[in-house]
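Under the heading transmembrane segment, TrEMBL lists 21-47, 53-73, 85-107, 113-135, 171-195, 201-222, 292-310, 317-338, 344-377, 413-434, 485-512, 524-545. If you look up TrEMBL, you'll see 254-277 marked as region 'Disordered'. Feature annotation from TrEMBL assigns compositional bias 'Low complexity' to 264-275.
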Amino acid sequence: MSLTEPAQQHERERHPSVFEPTVLAAVLFTSIAGALIGLQIITSLGVTPNTSIMGVLASIVVSRIPLSVFRRFRSTHRQNLVQTSISSATFAAANSLLLPIGIPVVIGEPGLMWPMLIGASLAMVIDLLMLYWMFDTRVFPAENAWPSGVAAAETIIAGDRGGKRAKNFGYGIALGVAGSWFGLPMAPMGVAFIAKSLTMLAFAVGLLAAGYSQSLFGFALGGSNIPNGMMIGAGLVALAQAIMIVFRHRKAPQPVTDRPGDEASAPPTDAPPTTLMTRTDKDALRGLRRGTVLYISAGLTLAVLGGLYSSMAPLQLVLWVLFAAVACICAELIVGLSAMHAGWFPAFATALIFLILGMLMHFPVVALVLLVGFVAAGSPAFADGGYDFKTGWLLRGQGTDRSFELEGRRQQLYAGLVGLAVAVVVVALTHSLYFDAGLFPPVDKAYSAAIRAGLDTSSVAQLALWALPGALIQLAGGPSRQLGVLLATGLLVANPQVGWIVAAGMVIRWLVLRVKGPEASTPMTIFAAGIIAGSAMYSFSNAAVKTWSR
């Protein structure tokens with residue numbers, strides 16, 4: 001039994017608030033640090049590391065400082081709030097803000113930067129709100145993998161409880177760090193231990209097919225529009241499936257009723273899962289409707305601030321606003337489903353797909369610049385928020401105490417919004433330091449090049465042709481497996497090394513369960529979470545060293 005368990009049992013009736021002075025101070029400090037780290041690394045290396053694990057470790061260290069003011073952070077729920085804020089701020093500053101506002105500067109339209117910052121800020125906030133409204137419904141069940149969320153939860157629990165569970169988790173961390181040190185992408189192996197087998201198989205097939213396409217098919221899939229076409233077809237079917245779920249199952253089972261119990265105080269992630277969800281399909285439908293209205297409003301705001309009314313006919317302007325709203329919702333569903341099942345989300349490729357569709361609709365250059373930035377801004381916040389909510393859901397007892405779970409999730413939303421607000425301020429104040437030095441996220445140049453190059457007739461035909469198999473595979477797999485989306489994700493990522501790691505993880509998982517039986521599933525999940533956490537720790541440390549040694 002953990003030494004902190006009695007205090008946390010007392011907190012069961014009321015979840016800690018993010019606005020407690022000590023918690024808010026920690027949230028603000030870590031959010032500022034996370035935002036600055038994210039900006040520095042994305043402009044130097046083009047990636048954004050997972051800082052939520054580092055946030056967890058920081059809060060655990062703070063909780064061990066022998067002063068009464070810091071003992072409050074021995075609460076796993078307060079650690080979860082700190083982890084949520086730093087994670088939100090890091091991804092928001094780098095992926096949702098600096099990346100979109102860099103696109104107009106790179107393409108030669110610096111006057112669009114401030115309108116883009118406002119539009120991107122609105123997009124990421126709407127995405128986080130939509131996730132909050134739709135998390136733990138049939139569309140985005142909390143019980144699904146969300147691998148990085150499991151890793152963060154296990155890190156918190158290991159620091160809180162210790163014992164055999166922490167030892168197993170530590171072995172996973174050691175393997176994750178060691179493999180990463182040798183240049184192996186270890187996180188996908190951990191994901192393969194946790195996620196659904198068929199889903200990961202589709203992901204691995206896509207990774208390997210794209211990686212060896214030159215030798216297998218005589219041409220490079222990465223240089224064609226086949227992966228984009230597959231994702232367009234799969235993404236449209238995924239959107240239709242999500243809408244059908246919320247309309248067809250509006251009479252869903254009632255959420256689990258409140259009941260007291262130890263589950264509310266940092267339970268193990270292998271606690272028996274509930275088959276009932278904390279939100280109904282009516283909640284999901286309401287969230288989808290609210291999000292659509294908000295996105296249309298945000299798109300209209302961006303169009304006005306960006307001056308699109310002066311270069312587009314009224315009907316074309318209305319079409320742009322509606323298309324931008326639908327594109328953002330589709331992008332968040334595609335990215336969210338990929339993150340939920342595989343722990344990978346093709347945010348760049350998804351935004352590129354909707355940029356291509358915008359070209360097909362003959363939008364002018366300025367409209368395309370604002371469109372791709374608007375779409376790119378939201379989906380990372382959606383995926384990252386899903387990981388954070390998964391962590392909190394595990395720590396709070398997997399929804400067994402519904403009122404406590406919803407209260408805790410609301411506090412996580414507030415922590416995330418604080419992180420987003422900090423990110424907006426940091427980017428607004430510091431972006432010129434990077435842009436004046438010619439430091440931009442690398443994908444900004446890719447978007448700019450795509451807009452300048454335009455589309456030809458053969459590209460359009462290829463997109464339409466390959467959208468059909470993507471749609472059929474997604475339809476065959478159903479909404480619970482998302483085979484089409486994950487296959488297309490693998491084709492877009494196109495990394496054969498990751499494909500082999502995923503395949504190896506699936507084989508190891510099958511062998512362990514075959515030899516030791518279903519009871520081995522729990523320790524394997526903990527070990528897998530350690531692998532993901534170890535990989536994240538190494539990636540963050542390595543990126544930080546490379547960045548600041550330049």
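Every residue, even glycine, has its Cβ placed from backbone N, Cα and C.
Please treat TrEMBL annotations as automatic predictions, because they have not gone through curation.
Using the rule of three or more Cβ pairs under 8 Å, pairs at least 6 apart in sequence, the transmembrane segment (113-135) is not in contact with the transmembrane segment (524-545).
Here the transmembrane segment (201-222) sits against the transmembrane segment (485-512); at least 3 CB pairs are under 8 Å, leaving out pairs fewer than 6 apart in sequence. Using a Cβ-Cβ cut-off under 8 Å and counting only residues 6 or more beyond its ends in the same chain, the transmembrane segment (171-195) has close neighbours at 145, 147, 150-151, 341-344, 495, 497-498, 501-506, 508-509, 524-539, 542. Fewer than three CB pairs closer than 8 A are found between the transmembrane segment (85-107) and the transmembrane segment (292-310), and contact between the two stretches is not assigned (pairs 6 or more residues apart). Counting Cβ pairs under 8 Å to the transmembrane segment (21-47), the stretch among 292-310, 344-377, 413-434, 485-512, 524-545 with the most such contacts is 413-434.
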